[in-house]
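As recorded in Swiss-Prot, the features of this protein are as follows:
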- 1-44: region 'Disordered' (REGION)
- Ala2: N-acetylalanine (MOD_RES)
- 12-17: region 'Required for binding PPP1CC' (REGION)
- 19-28: compositional bias 'Low complexity' (COMPBIAS)
- 35-44: compositional bias 'Basic and acidic residues' (COMPBIAS)
- 43-55: region 'Required for binding PPP1CC' (REGION)
- Ser44: phosphoserine (MOD_RES)
- 65-97: region 'Disordered' (REGION)
- Thr73: phosphothreonine (MOD_RES)
- 80-91: compositional bias 'Acidic residues' (COMPBIAS)
- Ser87: phosphoserine (MOD_RES)
- Ser89: phosphoserine (MOD_RES)
- Thr92: phosphothreonine (MOD_RES)
- Thr96: phosphothreonine (MOD_RES)
- 110-146: region 'Disordered' (REGION)
- 112-122: compositional bias 'Basic and acidic residues' (COMPBIAS)
- Ser123: phosphoserine (MOD_RES)
- 123-132: compositional bias 'Acidic residues' (COMPBIAS)
- Ser124: phosphoserine (MOD_RES)
- Ser129: phosphoserine (MOD_RES)
- Ser132: phosphoserine (MOD_RES)
- 133-145: compositional bias 'Basic and acidic residues' (COMPBIAS)
- 165-207: region 'Disordered' (REGION)
- 168-177: compositional bias 'Acidic residues' (COMPBIAS)
- 187-207: compositional bias 'Polar residues' (COMPBIAS)
Amino acid sequence: MAASTASHRPIKGILKNKSSTTSSVVSTAEQPGKSVDEELSKKSQKWDEMSILATYHPADKDYGLMKIDEPSTPYHSMVADDEDALSDSETTEALTPDILARKLTAAAAESLEPKYRVREQESSGDEDSDLSPEEREKKRQFEMKRKLHYNEGLNIKLARQLISKDLNDEEEDEEMSETAAGESMNMEESSQGSATSDQLQNKSQSS
């Protein structure tokens, strides 16, 4: 009898049958006590965000960053001439084209070179006065050589000129050799042509 019941019972597979899923849906619909929210809560997960933050992002964690205890960049105050320009810009008067044009011409009339560079040049002039005449000459020659060495634009132009000159010379040599070869071929053809014409004349006279 055990063998007969085993043969009548279907073999269960791993996958769910369509009939079993539809029967479970029908059974859940028949149970009025369960709400839709309970069904959704079974299918979805709830995250405890506060415990995640406490675990992975604690308040005392520094993430490998460190604070820099350096002073901020020093501030250079403006020169007295620039303070007037600043006070003009702080006024609330409306800018007309005439006022703007006057301010632009006044700014253009001032030195175009920044004031810090003027100070830098003055300090370099002091260094030159401390040097002996021989050292000054060496320094001047060194600066000239450095300018020539780092003048890459000029070097590129010179290299291009030399290359183009070499190419032109090669083309001229090729043309001259071709014309010389062509002339020699023409001379040979003309000499052969004159020889054959002489032979034809001799034959015609002898006959």
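Keep in mind that glycine also has a Cβ here, set from the backbone N, Cα and C atoms.
Here the features listed in Swiss-Prot are placed on the structure.
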residue	record	Cβ contacts under 8 Å, 6 or more apart
Ser44	phosphoserine	none
Thr73	phosphothreonine	none
Thr96	phosphothreonine	none
Ser129	phosphoserine	none
Ser132	phosphoserine	none
Notebook entry, point to check: What does DSSP say about Ser132 (phosphoserine): helix, strand or coil?
Noted result: coil
Note to self: Summarise the region 'Required for binding PPP1CC' (43-55) as counts of helix, strand and coil residues per DSSP.
What the structure shows: 8 helix, 0 strand, 5 coil
Next item on the list: Tally the residues of the compositional bias 'Acidic residues' (168-177) by DSSP class, grouping H, G and I as helix, E and B as strand, and everything else as coil.
Entry: 10 helix, 0 strand, 0 coil
Notebook entry, point to check: So what's the average pLDDT for the region 'Required for binding PPP1CC' (12-17)?
Noted result: 68
